[in-house]
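Enquirer: Sending over a structure as structure tokens; questions will come in a sec.
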């Protein structure tokens, strides 16, 4: 009796530290009593206004403050937005990592680069297997996604079972492995699911996502039609099944395969070693061997499908790749769709390839790895959760997901649209947001983690739009007499040679400001600088309608 | 006989000064003997890497060099990418302007702002009417587009008839006016068309563009379903037919209409004055009057459908609009699709609106103003040109258009994919590119036209990514003794307070460089600066993996 009562009163906390109101940087803490389990630990790529930033990682202050409770990181799959934060976060919150085999292989590649292999405990988990982490038990459930070995999680807590889908789709004819374990979702639903945390990426799209296998058919058709020239296929490095299908078509049509691009080479060799690729003997050749084959005997699989400036395909298109240059007749396949924000870069690469005579194909050569509306409904129908917590999405995705969940019978008061940092407490009786923890992204710039913030970014923005003007003056310490200057240096403002008048007049304006200050016995450097800044800024705006950063520097001798 | 022979030998030049290998900045010169006619004079918006640039206008050096030949500017329609360069270009190349009524109205709005109304000759031309400009005769032909009064041009030259479609689509049920004058295209084809310059914007899309009227039906449905709340519609300011249809739905469902956003107010009042809008009495109300009506009696038509930061809808979404704030239940319609590059800004606005409780609709609420493949084929079938010159497009559009033209029977040697600046000479015998004229875009930043170029942009890029470090040193003139400094100032680099050690060490590095120089009797300032720059740059890269701009400044006293 007592135990039963305890169960009813038990409450579990769900604390997303990222991944909400954004696509990327997925990380969620589950807390009960003295146990915290962290699901995923991703990074996100900088927004346009984060000038010069390389990547953004989650703020794990809450985990650091509760370090003794943290039992481990449970990872759903090997994409950067789910694993990319690990090397940074583990330096502050060391805990064991649990993941499926391929996911762990990709994580280990990353750890090698960061020298973390020896210091981090890791355990590979199979589908259907469970692990006990403090008060939690975590079961890995097979799903389909655009990377093999993706898992959903059943998180057993004293307050009930929480199902976290990770990123998923329903593929009835997957290229590798089996269909998502819908039976298990159904069984869990029968037992009773307290809460469902479900992928929202494609929730605004009606219908079903097509099977990965449909892309294979398109490849076969393209290979059948283009028998005389070289074929180059750009896709996501981590889409091992896609690469498998390209290899299949290459095999069928008697072409050798070259893998190009650092991340592609890394992931494909890991996948191959671990048995996630079925590669016919002697089909893979080294890039150096290409010269031994005719164009019609070759297919190159490469990174750069998003138009990333430094990726192999972009370098090929710009004729700065050391080994591959485009010839007229080359067939280039974009096996991808542009991620929002990358449309123009992708167009640029397509234009460059076309100008060099390549034929560019991008129709029916990609399917998404995320569930559309009907697949999401299927998961709700199977799990019948009491509470719904839409995850992985911007606000517009989450709100659409919430409507879908209500349509699937979840009580509207039991649907929670969270922001990163919200502390959601769920029990059988009720669920509510009971607090907030820090969850702003931490900016990484070069080796610096968190040393660039709003002021630095605002300065970069200002400099990027208008450039700067530096005024240097050397004053005599006691008399305040001007010993040297004002010297004016500008960068990113105007062509100085064509604007000599402007610069001469600017110097005049500064001299007048100085005269004014000295005449009024203003000797405070701060005040002098402000006077120079204001008058020069006024003058330049009037003359140019521009607003450069103005930096007066006073030296004293 | 002689004349006939002349006609056969006559050659006309086509010189695009913009609009090729890009979308935007359309301007093309047609030259025969002593006559040049310029078709359109647009601007383009800056690419991502053109930091701080406001807009880009065409380089008209060729027109300036041949100013006596220039007979006039003939404008196809009133969009910025066809008229936006006029105020800048007319200052250098003054010539009369010919356009249809609404197009001229919009141009005159622009001229008022630039004080050009008095100094520029203008003539309004009707569909079917012709004007003689030197050796050319230009006929205006009715088309359909996303702005009323769009025209194609038949350019009669001694070498033959050239047809320029302008931007167009085929709308069999247009909202205002009649269907594109397909008969006239057919008649011209019968007479014999030397060359067709045809819009390539949508050439990669199969099928037909839907009629503008289909959007009206969607509006009616949305208005019928949303009877209890306010409706806000964002669309392109210049899409007068779209605004007409919103007004029609508002009238049908008993709502008053508020027009908001400066460019929207300008164009709609011009269109209304000139008779291009049919506005029921008393339906338009001032924004101040909104408070006198209930939400369900109001519809707001606004700018900002592209997520432009300063446009009305973005300000409304960000709660910084002075007159309108979002209430839960507001229905916001995006009557537009994001122009490539604007996807993320539009998403941001949608997220902000959703968070404030608005319902956001963007399905079936927009159609393109440009012809898809079947419409383009129709124009080829009617005009049967000898030469095809695809215009208005990036390279990937032009190459696809070239394939389409070949499929429509144009000899592949008679299809010209031009770059801006190419001089194409066409005669009955043959066509060839015979030269090149300057045609790089001119950057406009504030009041400055052309005073920002690659070096300035490279500096802005550098500053935007890494910020800068300034080192100031005052030296004694004769002894080279350091009198003051080195002082170090940084902006956009790191939080200085959290990086005091780094700055102290940087100062040490500079001191060591100075010592090294003086020890080796290096007194040349250039060499001293280079030494400081190199050693500091090495140090900072090692410590931070960042590469700020380093500016050593030496003063002497």
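Backbone N, Cα and C define each Cβ position, glycine as well.
Where the annotation comes from TrEMBL, it is an automatic prediction and has not been curated.
Quick caveat, the model's predicted, so the values are computed rather than measured.
Per TrEMBL, the features are:
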ACT_SITE  B:199  active site, proton donor
ACT_SITE  B:370  active site, proton acceptor
BINDING   B:52, B:54, B:445  Ca(2+) binding site
BINDING   B:77, B:81, B:82, B:145, B:167, B:392  Zn(2+) 1 binding site
BINDING   B:79  Zn(2+) 2 binding site
BINDING   B:237, B:238, B:239, B:366, B:367, B:368, B:369, B:370  substrate binding site
DOMAIN    B:24-219  domain 'Metallo-beta-lactamase'
Enquirer: Return only the integer: C-alpha distance in Å from residue B:81 (Zn(2+) 1 binding site) to residue B:238 (substrate binding site).
Expert: 12
Enquirer: Quick check for the class: what is the C-alpha distance, in angstrom and rounded, between residue B:369 (substrate binding site) and residue B:77 (Zn(2+) 1 binding site)?
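Expert: Distance between the two Cα atoms comes out at 12 Å.
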Enquirer: Using C-alpha atoms only, work out the spacing between residue B:82 (Zn(2+) 1 binding site) and residue B:199 (active site, proton donor) and round it to an integer in Å.
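Expert: Cα-Cα, rounded: 13 Å.
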Enquirer: Taking chain A as the partner, extract the binding-site residues from B:52, B:238, B:369 whose Cβ is under 8 Å from a partner Cβ; order them by sequence and answer 'none' if none remain.
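Expert: Only B:52 pass the 8 Å Cβ test.
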Enquirer: Looking at the recorded positions B:145, B:167, B:199, B:392, B:445, whose Cα is closest in space to that of residue B:238 (substrate binding site)?
Expert: B:145
Enquirer: So which other residues, same chain and not among B:77, B:81, B:82, B:145, B:167, B:392, have a Cβ within 8 Å of the centroid of the Cβ atoms at the Zn(2+) 1 site?
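Expert: Near the Zn(2+) 1 site, the remaining chain residues are B:26, B:40, B:42, B:76, B:79, B:147, B:150, B:166, B:199.
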Enquirer: If you count, for each of the binding-site residues B:82, B:366, B:392, the other Cβ atoms lying within 10 Å of its Cβ, which residue has the minimum?
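Expert: Lowest Cβ count within 10 Å among the binding-site residues (B:82, B:366, B:392) is B:366.
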Enquirer: To the nearest Å, how far is the Cα of residue B:239 (substrate binding site) from the Cα of the residue listed as 'active site, proton acceptor'?
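Expert: Cα of residue B:239 (substrate binding site) to Cα of the residue listed as 'active site, proton acceptor' measures 13 Å after rounding.
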Enquirer: Between any two of B:237, B:238, B:239, B:366, B:367, B:368, B:369, B:370, the residues recorded as binding substrate, what is the biggest Cα to Cα distance in Å?
Expert: 17
Enquirer: Looking only at Cβ atoms, how many others are within 10 Å of the one on residue B:367 (substrate binding site)?
Expert: 20
Enquirer: Can you tell which of B:54, B:81, B:167, B:199, B:445 has the least company, meaning the fewest other C-beta atoms within 10 angstroms of its C-beta, among these recorded positions?
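Expert: Each of the recorded positions B:54, B:81, B:167, B:199, B:445 was scored; lowest Cβ tally within 10 Å is B:54.
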Enquirer: Averaged over the whole of the domain 'Metallo-beta-lactamase' (B:24-219), what is the pLDDT?
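Expert: Looking only at the domain 'Metallo-beta-lactamase' (B:24-219), pLDDT averages out to 96.
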Enquirer: Measuring C-alpha to C-alpha, could you say which of the recorded positions B:54, B:167, B:366, B:370, B:392 are within 10 Å of residue B:199 (active site, proton donor)?
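Expert: Those close enough are B:167, B:370, B:392.
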Enquirer: Of the binding-site residues B:79, B:145, B:167, B:366, B:367, which sits closest to residue B:54 (Ca(2+) binding site) by Cα distance?
Expert: B:79
